[in-house]
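Pulled from Swiss-Prot:
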type	residues	note
ACT_SITE	Glu244	active site
ACT_SITE	Cys278	active site
BINDING	Gly221, Ser222, Ser223, Arg224, Thr225, Gly226	NAD(+) binding site
Amino acid sequence: MTTHYIAGQWLAGQGEALQSLNPVTQAVVWTGQGADAGQVEAAVQAARQAFPGWASLSLEARIGVLEAFAGKLKARAEELAHCIGEETGKPLWESATEVTSMVNKVAISVQSYRERTGEKSGPLADATAVLRHKPHGVVAVFGPYNFPGHLPNGHIVPALLAGNCVVFKPSELTPKVAELTVQCWVEAGLPAGVLNLVQGARETGVALAANPGIDGLFFTGSSRTGNLLHQQFAGRPDKILALEMGGNNPLVVDEVKDLDAAVYTIIQSAFISAGQRCTCARRLLVPQGAWGDSLIQRLVDVSRSISVGAFDQQPAPFMGSVISLQAARALLAAQAELLGKGAVALLEMTQPQADAALLTPGIIDVTAVAGRPDEEFFGPLLQVIRYADFDAAIEEANNTQYGLAAGLLSDSNARYQHFWLRSRAGIVNWNKQLTGAASSAPFGGVGASGNHRASAYYAADYCAYPVASLETASLALPATLTPGVTL
């Protein structure tokens, strides 16, 4: 069994037994054993040994390997999309867009590296001032399950481009996607040890995060795990830690002319990927009164007809499943708890089949709920809050420990400027879905959503550190000596 990729070799695991399941059928997709602490150590050592050679390659040589990787992804795009769909439950049309994002990440990362962490020089008195960047060394990448190809890729590609070597621990829920991705790297000619794959759950993650041989850790996932990592790295300024976590994201709706456009944008913000994007709208702020009532009624009517089904269902569904039966049950429990506290079900989220992680969209009015939990419910559950005036809406939007994404649907530019100025979030959109992102922009948040290490286009910033140099080819005395020195 070839579960892990360490020092250029596919190896069986020596840790706990693992398997991934299709969330709808519960069929076994992948089986193996996780990496124990010894195998994690071997992976870190392999990366350390490979680092000098990889870092000393020219930038163009590293780009060549990355471009070959993009080519391998294209060649196996259909296989990879099927694997993503099978393991996560997301529809094939959406899985295919994820593979496209993986391919495009290479060119975007090269552009970002040249722009943000390239080399610059200029004259300074009798020397040349030069700014260059160096890789950190060996970095760990922890991947999430919701975009098991694209999101780890967003750390791995810029890290390798900068000259780092990587130990990659994917989510234990999506090991097969990680295995296929690493196969593409191997086929692209990446030297042994430059990228190492260690599969596993908590045991593997704890061993990797605590390994003294890593120079940094790049994480995308839940705030709970991210906070634990932040505590673990406290007092270690020698290690770079990049955290991209979740959010309790608000979408504020003003009285717009095009009601259906608002409804469609809300659905794309709240229910795409079965609500499993970190930028999904969790709270919908709607004005009190007749217009708000009509918006909510239209939203409920359209959401009730949203197609939900298996990843390969035809015609294709809009929503697939959530990642697991456990996740589905936790979401239903969260809905029940809110309803028990006084929330009103406008469209109750349901689980049509007890043995499948398929959930229908849920919309609940929590306006009357005292002490609403400031949590990220990672699924198709949208909370509606009615507001009396625009300033109250902004205050409620900011009433969260998180700060990932916020959005406004409004026909007024003045209101958007006011909203943008007062919003506390790393992503602020106007009349666009919260789940949309530009490849040429950073991606990250403030507060409990991250530690100011924005990813995407700004990933280059945490993959290398700046080195400032004053240089001249010959050593010579200055024209004027410092007072008090005689030669």
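Positions of Cβ are set from backbone N, Cα and C atoms, glycine also.
This view paints the features noted in Swiss-Prot onto the structure.
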| residue | record | Cβ neighbours (10 Å) |
| --- | --- | --- |
| Gly221 | NAD(+) binding site | 21 |
| Ser222 | NAD(+) binding site | 15 |
| Ser223 | NAD(+) binding site | 23 |
| Arg224 | NAD(+) binding site | 11 |
| Thr225 | NAD(+) binding site | 18 |
| Gly226 | NAD(+) binding site | 22 |
| Glu244 | active site | 27 |
| Cys278 | active site | 30 |
_I need the neighbours of the NAD(+) site defined by Gly221, Ser222, Ser223, Arg224, Thr225, Gly226. Which other residues of that chain put their C-beta within 8 angstroms of the C-beta centroid, in sequence order?_
Phe219, Asn227, Leu228, Leu229, Met245, Gly246
_Cα-to-Cα gap, Arg224 (NAD(+) binding site) vs Glu244 (active site), nearest whole Å_ = 12
*How many whole Å apart are the CA atoms of Gly221 (NAD(+) binding site) and Glu244 (active site)?*
7
*What's the CA-CA gap between Ser223 (NAD(+) binding site) and Glu244 (active site) in angstrom, rounded?*
8
